[in-house]
Every structure is written in structure tokens, then in C-alpha cells.
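Report on the structure given below.
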Amino acid sequence: MIFSAPPPPPRREARSLSTTSVGKKNGAKKTKKKLSMSTSSPPKASGRRTSSAYTAMQSVKSKLKSHGSRETPAKLTRQRTVPTTKTEKKLTAGKETRLAAMAVLRKLIQTTRPNVGAIVTIDELELLEKTVRTAANLDSVKSFDKEGGGGFDALRNDRDIDGSGLDDAVFNTLKAYMTVQVEKPKDKFKRAVRSLGGMKALVGKLKAGAAALEKEVEAEEEEKLEVDKLPDYVEAGLDRWSFNVFEVEKESTNGSLVWVAEALVKKCGLEQKLKVNRVNLRGWLMGVQEGYTGESVTPYHNSMHGADVCQTVYCLIENSYASKLISDNMKYIALLAAACHDCGHGGFNNNFLVNTNDQLAIIYSYDAPLERMHAAKGFEIMREKDCDAFCVFDGEELRKARKFFASFILATDMADHFAHVGQLTKQLESVGVDLTKESDACFTLGMVLHAADVSNPTKSWDYYNLWTDRVMKEFFDQGRKEKELGMRVSDGYDENNPTPQGKFQNGFIAFIVKPLYEVLDKIQALDCKEPIRNLEENSLNWKRSDAEGIKERKKSVSEASTKKV
């Protein structure tokens, strides 16, 4: 399978330096440098990247049709019609204006640059104030207190007088705005503020109207999302270690990965704490889900596995004291990394890709090609329209988010398993693990994601067997491919000469899974008692089933030897 190279970094606002001609009384012209900041979107990217979200939505529609007479879940949607009358057109235009004003408000509050200022124009500021005032049903201020109005001094005085004070982001943004070097901004800014009733009145209107606009925009965004209403017993199972993701896949219209990840982000309170844009999160998750190869091609490494690992990471964090120590940013990134950790997996492991000189191995210099591709897929999807799940981050936070996201996914490479377990063991024996430290939290969450990735033996016996059947089908598929290419068949991958299932799984438990969970359990903030207990029970079950199998085989041989010909 051929994969594309990782995309360039997501776009950032571009700065450009232009010159304008300024007329003079004597007719002579001179050029004046003008700093402008462009926030327009780049040209629409070509290729598959522009179509994954669309393709995902089409797959959802086809899935709905294939359900036949099955009753579709309730959806929080409203019928939309094309405006025809003057009143309807006016209402539609008003909504677009309010959405545009909300975007300006977000830019004003969030998007500032040191020594440059907010990337908003005076016209945008005037539009914002007018719309906010309308939304909040506020009367315009006709009078202006000359003694206390205008400019940064008034803003500072207002902040000192009012005990509640201005939001620091608003205060710093308005202060930074006055440093933009375009056409005497201070004078123009003061004139605009004066016409709006003074700085105090302007800030009051911004703060009073922001809540009204925010609620309105959230309602508009909510309408765009189809929300699956699953049975109560499915939703109640999100906190359980042995979670039935198979039932979610059966009941959910949008798919198990989308439903599980969205539900967990909300359940952790991250949607409110980080002000997650649900449209962007949904778009990204749909792209990731579509990025997983279909279940008919890869029985194990599909979107259900991504959903299962995401829920397991949630349990390891939230069902222990670690939830109080790990930052909200880290939790959000860890959940997204878990959902995306096998995106684009073709059913063949790293050894196979390297040994066959696969294009993917070449792109990533034969170093963890799968894991690096999975992370790159996640970033690539974020470049699409309404798919930037990292839009909650900016500046240094965004840089760290990308670093942690890639680090968590790279930690799932089995080639680093023993080195990472040894490193964590030494750290616990020497200085210990402090999850309030960024470096310790990053390393530990990588280990947590790796533990979730190999967690099948830690689940209840029934679920464990369902996953075992799927992964063995995938192993045998690779074994057949290795035979076709004249390669040595990987241990345990030969369906014609299979390793006994109990022996194969008990070896995996004893040498890989159990040591990993035992070292994680030594971190005081984590609790791995239930998965370790399940590991011991499942190991005994495999030994018991193998013993019964041996008895049956001995019995059949004995009967055959005494049978009369």
C-alpha cells in the first residue's frame, strides 16, 4: 500500500509588508510602509486531503440507507429552507452578520501578537460593537465623558475602579491594538471609540453582548451536528473497563470512533474547559474514522480498535488520582492521539514494511514507519476545512500539542516496548514520577496509550476472545502475503502450522502485557488493579482451555487405535 508523505505544517497568519502612495500638497508622492496582516484562507488543497470529510459523510449516508427499516436515532437538527421572502432574507443576513461579528470577537480576544497588536480592523471593531449591542439589546451611548474617556488611559482607569476588572485577554488585546502601525491608528482608534460612547461603554458592550452571541453561535453550530442517541446501557458503560465497543458500532450512525471520542471529551469536561469547537472536533474525527481502512480489509486495526483504545486511555486516567494531576490540555491531546493512533493501518506490521522495502518505510527512513504515518495522518486531516481539532491551541501551546500528539503515538511502537518499560522502572526506583511535571506526564501518557493499545488481554474473557479472533485473522493474512513473496513467515502467523492459541496468548501476557501494567501500577497516581486481575484470570482460562484440548485429542487418538477395521 502506498502512503503519501507527511503534510507541511498547518497555516498560520501571514504577514506582508506593502507600500502605499500618499499625496502631498506640492504634488510629489512618497511611499509609506504599511504593515498589514492577512487572515484569509490559503488556496484549497488538492487531492485526497480535500475530500476525506466529505467522503466520511457520504459513507454515513450510505450506512443509513443500508440499515433498511431500522429506526434511526434521534437527531438534534432543524429543517432548513432557502429564504424567499424579504423577512426571511433579512433574518438570514442578520444571522450571517452575527456569526461574522462573533468571529471578530474571538479574534479580538484570542489572536494577538507581541508588538503588533490584534489582527482586527477599525471596521471590524465597529461591526462588532454594533452587532453586540443589538444582540444584548443595549441602547447606544449618546454622551461621552471627555474627562474619563478615550484611549488606553481610560481603559486602565476603568480596570482600577471596577473591582471585577476586565478580562486580562480583553485588556491586553485592546492595549496591543493601539500599537498597530497603520495610518495613525491611535487617532483613528480614539475616534472610533469616541463614536461608540467611550472606552468604558465599548468594553461594557463587548462583555455584555459576548455571552449572548456565544450562545447563539453555539446553537448554530449544534444544528450542524447529528447526535446519536444510544441506549442508556451503552452510555453507562463508558466508565467500565470492559467496554462494549461492538455494541456502539452497531447502534451508532456516525460510527463508534466518532461517538466514543466525542462522548469522552464531553464526559471529561474538556468541551467547556478548553472551549472545544464541536464542528472542528467532529470534522477531524470523521476524517480519522474514514482514514482507518475498512473492517472488511483489516479485521483488527479498524476504527473500532481506535474507539476501544480511546476509551481505555480514558479509564486509565479518569478512574484514578491521575485525573487530578494531568492538565486538561494533556488529557485532550491523549484522547485524540488514542483515537488516531492506528489511522491508515493496512494490516501489516513495521517488520513487514521494512523487509519488503515498502514506500512507507522509505518515506520514514525505516524508523517506526507506521507510527509516524499515523501521526502525520492526524495532522494532515487538521488542514482540512472545519477539521482543526487543535484550534483550541495557539502559539506555544500549539507547538507543544503537536509535539505531545506525535510523542504519544510513537510510544505505541512495539520496538521501544522493553526500553520504555526499563526506563520507567529505573525512574520509579530513583526519583519517582511526578505527573504535574510536563516531561513526566508526557512520558507516562505515552506509556498509558501503549498499554491501552495492547489491553485486549486485560478485558473480560468474552471481549478478549472477540478481539483475539480478529487479530489472528490479520496475522494470518500477513502470513499468507509473506509466503507469496517467498519470505520467512513470522512466528505465529502461519495458519497452516499455527502456534497453539493458549501458548501464543500466554506468552504475550507474560512477556509484554503484564510487566507493562505492573510497572504502571507502581505509579501512585495510577490504578491498574482491575486489568492485572483480569490478566491473571484470562491466563488461567487459556491454560484450562489448552488442557481440555489435549484431553480431547488424546481421547480421539485412543478411540481410533481400538476401533475395529
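Cβ coordinates are placed from backbone N, Cα and C, and glycine is handled just like the others.
Fair warning: this is a prediction, and the values are worked out from it, not measured in the lab.
Of all ranges given (147-174, 203-230, 231-258), TrEMBL attaches the label coiled coil to 203-230. Per-residue pLDDT, averaged over the coiled coil (203-230), rounds to 60.
Of the chain residues outside the Zn(2+) 1 site list HIS305, HIS341, ASP342, ASP453, HIS301, GLY306, VAL309, ALA338, HIS345, HIS374, THR412 have their Cβ within 8 Å of the site's Cβ mean position. For the pair formed by SER303 (AMP binding site) and HIS341 (Zn(2+) 1 binding site), distance between Cα atoms is given as 10 Å, rounded to the nearest Å.
The Cβ of GLN505 (AMP binding site) lies under 8 Å from the Cβ of PRO457, THR468, ASN538, TRP542, each of which sits 6+ residues away along the same chain. Note on the binding-site residues ASN302, SER303: the fewest other CB atoms within 10 A surround the CB of ASN302. Comparing CA positions across the binding-site residues HIS341, ASP342, ASP453, the one lying closest to HIS301 (active site, proton donor) turns out to be ASP342.
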